[in-house]
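First comes the structure, then the notes that go with it.
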Amino acid sequence: MGVCGYLFLPWKCLVVVSLRLLFLVPTGVPVRSGDATFPKAMDNVTVRQGESATLRCTIDNRVTRVAWLNRSTILYAGNDKWCLDPRVVLLSNTQTQYSIEIQNVDVYDEGPYTCSVQTDNHPKTSRVHLIVQVSPKIVEISSDISINEGNNISLTCIATGRPEPTVTWRHISPKAVGFVSEDEYLEIQGITREQSGEYECSASNDVAAPVVRRVKVTVNYPPYISEAKGTGVPVGQKGTLQCEASAVPSAEFQWFKDDKRLVEGKKGVKVENRPFLSKLTFFNVSEHDYGNYTCVASNKLGHTNASIMLFGPGAVSEVNNGTSRRAGCIWLLPLLVLHLLLKF
């Protein structure tokens, strides 16, 4: 619907028709727009939604009557306003220019506008097309999603605007490079944990700054232990075993020794669990505490375990000496073989 199309009173509609038939377009005289110099309207006028549009028509002293029309609706005839829309105002009505302004332009104002003049000889018209640009707006976007590793996902981002905006998807991650999709839809087949994080949808059409919204993608996967650190501690000292695991959701930790679970509250022992790390602390190590401990990390998708040693200072020396002895034997083996060959 054009400017004022919904505001006419019945009597004004009748006057509009009469004006057009009687003095703007006399009987038997066709409306023309072929004169290269008179009347002359502007080229196409482009404005953003909410701004004001000025429509100018160049005339001269041959004009006896003049009017601005939106399609078949008269907005102004001379100094008289035939449109009740308060946004439409007369800017100038002189011997050289006839101009109106449409304030707070909206998309329904877009379309053709006609400057129609009457001279002593015949009527003439000139047209200008009003183009209304609209800033981009994201009207629909996927919600945050949680999905198991290996499954497929589809993200949607629908945007409106004039001209039609360009939609792009980008993975917000230090490892991500450039855009992952230049479309409203982002499809990821067999998603991996490295593809988790935030995905940014951007809509742009050069009318205003791009609009941006984000979707958080959580990729669930079973635990894996990235570090299992044993320690050597003398009797009577404090010792700590550490178990670090990566998992989504975060892993739950348990400690075992000889198939027996160690629980919080045991005298002299403390279990400290964090989202990705568990510590087993002995405040006063005894000979009985030495040995092999098992760290178990689990979540709803699976579990894993690792063996961690708590040993005394002497055990470190024995391990190193044992390694050296094995290396020495390997080094001597070729000499023994050569000696036997020469002997026989």
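Just so you know, glycine gets a Cβ as well, placed from its N, Cα and C.
What Swiss-Prot lists as disulfide bond is Cys57-Cys115, Cys157-Cys201, Cys243-Cys295. The feature domain 'Ig-like C2-type 1' is assigned by Swiss-Prot to 39-126. Annotation source Swiss-Prot lists domain 'Ig-like C2-type 2' at 136-218. The domain 'Ig-like C2-type 3' feature in Swiss-Prot is assigned to 222-309. According to Swiss-Prot, the N-linked glycosylation site annotation covers Asn44, Asn70, Asn152, Asn284, Asn292, Asn305, Asn321. Residues annotated as GPI-anchor amidated asparagine in Swiss-Prot: Asn321. Per Swiss-Prot, signal peptide is recorded for 1-33.
Feature map: Swiss-Prot annotations on the structure.
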{"residue": "Asn44", "record": "N-linked glycosylation site", "contacts (Cβ under 8 Å, 6+ apart)": "Val128, His129, Leu130, Ile131"}
{"residue": "Asn152", "record": "N-linked glycosylation site", "contacts (Cβ under 8 Å, 6+ apart)": "Glu187, Ile188, Gln189, Gly190, Ile191"}
{"residue": "Cys157", "record": "disulfide bond", "contacts (Cβ under 8 Å, 6+ apart)": "Ile138, Glu140, Ile141, Ser142, Val167, Trp169, Glu184, Tyr185, Leu186, Cys201, Ala203, Arg213"}
{"residue": "Cys243", "record": "disulfide bond", "contacts (Cβ under 8 Å, 6+ apart)": "Ile225, Glu227, Ala228, Lys229, Phe253, Trp255, Leu277, Ser278, Lys279, Leu280, Cys295, Ala297, Ala306, Ile308"}
{"residue": "Asn284", "record": "N-linked glycosylation site", "contacts (Cβ under 8 Å, 6+ apart)": "Gly236, Gln237, Lys238, Gly268"}
{"residue": "Asn292", "record": "N-linked glycosylation site", "contacts (Cβ under 8 Å, 6+ apart)": "Lys257, Ser307, Ile308, Met309"}
{"residue": "Asn305", "record": "N-linked glycosylation site", "contacts (Cβ under 8 Å, 6+ apart)": "Ile225, Thr294, Cys295, Val296, Ala297"}
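Taking the Cβ of Cys295 (disulfide bond) as centre and 10 Å as the limit, one finds 24 other Cβ atoms among all the protein chains shown.
Cα spacing between Cys57 (disulfide bond) and Asn70 (N-linked glycosylation site): 14 Å, rounded to the nearest whole number. Secondary structure of the domain 'Ig-like C2-type 1' (39-126) per DSSP, as helix, strand and coil residue counts: 3 helix, 52 strand, 33 coil. Its Cβ placed at the centre, Cys57 (disulfide bond) has 27 other Cβ atoms within 10 Å. Counting in whole angstrom, Cys115 (disulfide bond) lies 9 from Asn70 (N-linked glycosylation site) by their C-alpha atoms. Here the domain 'Ig-like C2-type 2' (136-218) has a mean pLDDT of 93 out of 100.
Around Asn70 (N-linked glycosylation site), taking its Cβ as the centre, 24 other Cβ atoms fall within 10 Å, counting all chains. Mapped onto three states, the DSSP output places Cys201 (disulfide bond) in strand.
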